[in-house]
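Okay, so here's the structure we're looking at.
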Amino acid sequence: MGFSLLGLGVQATQANKTALSVVGHNISNVNTPGYSRQVANFTTQTDQRGVTVDSISRIADDFLTRQLWADTASFNRSDVYADMAGELDNLLASGNTSISTAMDNYFKALQNAVDDPTSLPNRELFVAESEALERRFNDLNTVVMRQNDAINSNLDTLSNQVSVLASDIANLNGKISYEISSGRDANELRDQRDNLVEDMSKLIDVSVLEQGRDEYSVFISNGEPLVIGNKSNELVSITGDPDPTKKQLAVKVANNTVEITDRIGGGKLGGLLEYRKEVLDPAINELGRIAIAFSETMNTQHKAGMDLDGNLGGLIFNDVNSASLMSSRLAANSNNASKLSSGYVKIVDVAQLQASDYEITFNSSSTLEIERISDGQRITLDNLTKVNTPEELEGKSDAYYADFSQGELQIVVDGIEINMDAQSRFQARDRFLIQPVRTGAADFDTVVSDGRQLALASPIRISTSADNTGTGVAEVKVTDPAAATFQSQAETMKPPVEIVFNNATPSTYTVYDITDPNAPVPHKLTGQGPLVDQVYTPGQAIALDGYEITITNQPKAGDKFTFDYNKGGVSDNRNALMLSNLQLKDVLEGGSYQDIYGSLIERVGSKTSVAAINRTASEAVLNSTQDSKASLVGVNLDEEAAKLIQFQQAYQASAQLISTSQTLFDTLLNSVN
């Protein structure tokens, strides 16, 4: 009986000593991040043989742990998104970087030139403000593109961190499996592994499956494996194809690299990619659209004017359809089966221009789909009008010409003309990226450098006969400065014309060629008869070669209006007024230049506000989950102190059993003696 009592005491002291060690381990790790408290599990021995510590358990809650990973990914996604959106919002709205502020200064300088078109200082000020607007577009684009560069850099860094974490988790899987197969617990290793998964969740949204021997298999949210057992795959950033300015993400599995950018969600990587797609890319394209529209409309109107030296106007800003710019807007995927011999994208109508990239995907050698990336709209050739020759595309929208047997394709859609000429037939799965406006702000450039070159006057002078008795008022607008009317000889208009109203009822007029003022003859347009006895409609444009005449009110019979080159008309400001009027015109779909810029600021501001709300909400959810998990698995010092007393008393009582056994044994020996 004494031996039995001794055995019970020894077992009890050993068990309680182990329990005390566990409590001490918990207390010492009270401030260790990610530590899960442990408990000693006591098991009764059969046949009254005492107690033993069967195992040491790690307190864990699988649901809370997985919820913590998900909430961590959600918060970090919204956190990085909100940070970058706030930075862009400040850039666009700041007066120091605002395009709208620079445009105001530009049009103020233009108004000075309107007030006194003969003033060289006024003209030079306008040139200076044009150059200032150029710098503002360029500088703002540079700063915005730094965000794109920062995203690329972060994709490099963070994807590498994910790969390192995946490797570490795989190594821990192997260690945990070994410990378990050796009959030992691996509680600390499990804590380390859960902490690594939590760290990975800060970077990317993951799902975890627990498989044989307590091994984790870790998958990216789209299902691509990062960890399987003690093996791991790499998450890598790769150069964009066909756009090298935008890094993409891929998983390297064995010898295969699978691009998964569009399937990444959650974590910092998900937030960066979502921000780039939803905010940054649309902002870059919108800035480019405004720059292209401004350059094109200003150039078009300026070319319809006359400068101080009597010459027709040239370019104020860069030609948006220069050969280099047109070719830079189209890129082919490197994996295409067909190769382009030439390809370019021309801006044909800024009013229809969209702030978007496009992707053309061939489903076969003669069928394709165009995706407008900004809104996901898909267009097939069935949605477009087919023409028989490329020339028929002139002036059309939503139309195409194709000779697929020769690899020729031209498409007009959304104000752009896409031209592709393949070396052979196009093939299924060929892909092409169209970026009509992405570099518009970067390409914006002031061409005019001399104030004398500003074409502020109209090249056509209107003379109203002093003998006119009606109320007619004539206006003229140049529609094609390249027409023969203006190009046959410098500072001349061939032919000068005179419109004479006739006695007939209803009111009619005849257009005369007055090259010889003493012998006027009815004017003829190519393909038409003489413009004799034309019915007059007030306000209706009279289209001639390269210009339009509009007469309003009611002229009377015998009234005359003469139109000739405006030689010496340096004080004329009619074209300057036309340039100034562009500030308030709806030159783009959605409004004026500044309307569109204001809408961009509003959209980015709205996204920023929503992102800030999402960040606050996701942070609150994360904190709540962290608190819930900590209350369940974390170390409570009051609770551990109570256990310390409990097991200390049990240990002392167990030791007393040993002492009692010794006393009984000594008594037995003494009685025998």
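Placement of Cβ uses the backbone N, Cα and C atoms for every residue, glycine included.
The feature domain 'Flagellar basal body rod protein N-terminal' is assigned by TrEMBL to 9-35. For the domain 'Flagellar basal body rod protein N-terminal' (9-35), the residues of the chain that approach it from at least six positions outside its boundaries are 42, 45, 49-53, 56, 191-192, 194-195, 198, 634-635, 637, 640, 643-644, 647-648, 650-651, 653-661, judged by C-beta separation under 8 angstroms.
Taken from TrEMBL, the feature domain 'Flagellar hook-associated protein FlgK helical' applies to 86-317.
Residues or ranges marked as domain 'Flagellar hook-associated protein 1 D2-like' in TrEMBL: 332-436.
What TrEMBL lists as domain 'Flagellar basal-body/hook protein C-terminal' is 634-670. Mean model confidence for the domain 'Flagellar basal-body/hook protein C-terminal' (634-670) is a pLDDT of 82.
The domain 'Flagellar basal body rod protein N-terminal' (9-35): residue composition by secondary structure is 20 helix, 0 strand, 7 coil, according to DSSP.
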